[in-house]
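Going by Swiss-Prot, these are the annotated features:
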type	residues	note
BINDING	Lys19, Ile20, Ser21, Gly22, Gly62, Arg66, Thr169, Gln170, Tyr175, Asp178	ATP binding site
BINDING	Gly61, Asp81, Thr142, Gly143, Asn144, Pro145, Phe146, Phe147, Thr148, Thr149	UMP binding site
Amino acid sequence: MHASTGKGSKIKYSRVLFKISGEALMGSRPFGHDMELIDQLCKDISDIYKLGVQVCIVVGGGNIFRGASASLSGCERASSDYIGMLATIINALILQNFLEKNSVNSKVLSAIPMVTICEPYIRRKAIHHLEKGRVVIFAAGTGNPFFTTDTAAALRAVETNCDAILKGTQVNGVYSADPKKNEDAVMYDRLSYMDLLTRDLKVVDASAISLARENSIPIIVFSLKEEKIVNIVKGHGTYTIVSDCE
């Protein structure tokens with residue numbers, strides 16, 4: 001495992017995309033938002049922001065609505081996905097409010113234009129905001145149905161030239177099996193993109209893995225509860241890194 005080596009370490013990743021699932025915003029709740037957890041999460045983002053790291057965020061909407069699940073219940077898949085995209089905009093605006101509360105200048109850019117509440121997604125505008133020291137929150141996924149927010153995260157990371165994708169989850173890395181169900185599950189320190197695909201380790205979807213692989217962007221999977229983001233950007237802490245290792 002990767003071990004932390006102290007506060008004085010240099011920054012390893014200067015521009016990162018932080019992928020936050022909607023479920024992560026629920027905390028221990030069955031749905032909705034755990035505002036204390038969100039506040040702490042934004043304080044953690046503030047820590048790396050103050051170090052000069054340029055931060056993008058893609059947030060999911062599963063704490064409010066899951067398009068794939070709704071389609072199984074009879075709702076048309078495309079319509080379900082659009083509703084899910086609207087849920088991500090709600091989450092993005094909540095994150096923006098808590099970031100601003102923690103003195104972090106932030107902008108929400110939506111793939112579905114909603115100009116009265118946020119900016120439309122324009123790649124050059126997003127990069128401009130990052131260069132000006134603003135956290136950029138990408139909402140509404142890719143703006144297209146049938147694509148997950150994991151794929152949106154990989155796409156935005158490629159478009160904005162990020163050094164890494166940080167995927168915060170409920171466990172501290174990628175395991176050989178579900179550690180909650182199998183006590184013999186082994187956590188991987190490092191995997192290749194192909195390992196994720198061939199071993200069917202359902203941490204990130206195949207489209208997102210392909211985009212990251214084609215553009216050599218590492219994916220770092222870590223626990224939102226147990227690990228500080230500031231450790232991750234310094235290359236320390238406990239996590240699994242998915243990269244071009246073979």
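We number each residue from 1, going along the chain as drawn.
From the backbone N, Cα and C atoms, a Cβ is placed for every residue, glycine too.
Structural mapping of features recorded in Swiss-Prot.
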residue: Lys19; record: ATP binding site; Cβ within 10 Å: 29
residue: Ser21; record: ATP binding site; Cβ within 10 Å: 21
residue: Gly61; record: UMP binding site; Cβ within 10 Å: 27
residue: Gly62; record: ATP binding site; Cβ within 10 Å: 22
residue: Thr142; record: UMP binding site; Cβ within 10 Å: 23
residue: Asn144; record: UMP binding site; Cβ within 10 Å: 15
residue: Phe146; record: UMP binding site; Cβ within 10 Å: 12
residue: Thr148; record: UMP binding site; Cβ within 10 Å: 20
residue: Thr169; record: ATP binding site; Cβ within 10 Å: 21
residue: Tyr175; record: ATP binding site; Cβ within 10 Å: 18
Taking only the Cα atoms, work out how far Gly61 (UMP binding site) lies from Tyr175 (ATP binding site), in Å, as a whole number.
24
At the level of the C-alpha atoms, what whole-angstrom distance separates Thr169 (ATP binding site) and Thr148 (UMP binding site)?
16
Give the distance between the Cα atoms of Asn144 (UMP binding site) and Gly62 (ATP binding site), rounded to the nearest whole Å.
17
Does DSSP give Ser21 (ATP binding site) helix, strand or coil?
coil
Have a look at the binding-site residues Thr142, Phe146, Thr148 and say which one has the shortest Cα distance to Gly62 (ATP binding site).
Thr148
Just the number: how many Å between the Cα atoms of Tyr175 (ATP binding site) and Phe146 (UMP binding site)?
27
Would you give the longest CA-CA distance, in whole angstrom, between residues of Gly61, Asp81, Thr142, Gly143, Asn144, Pro145, Phe146, Phe147, Thr148, Thr149, the set recorded as binding UMP?
15
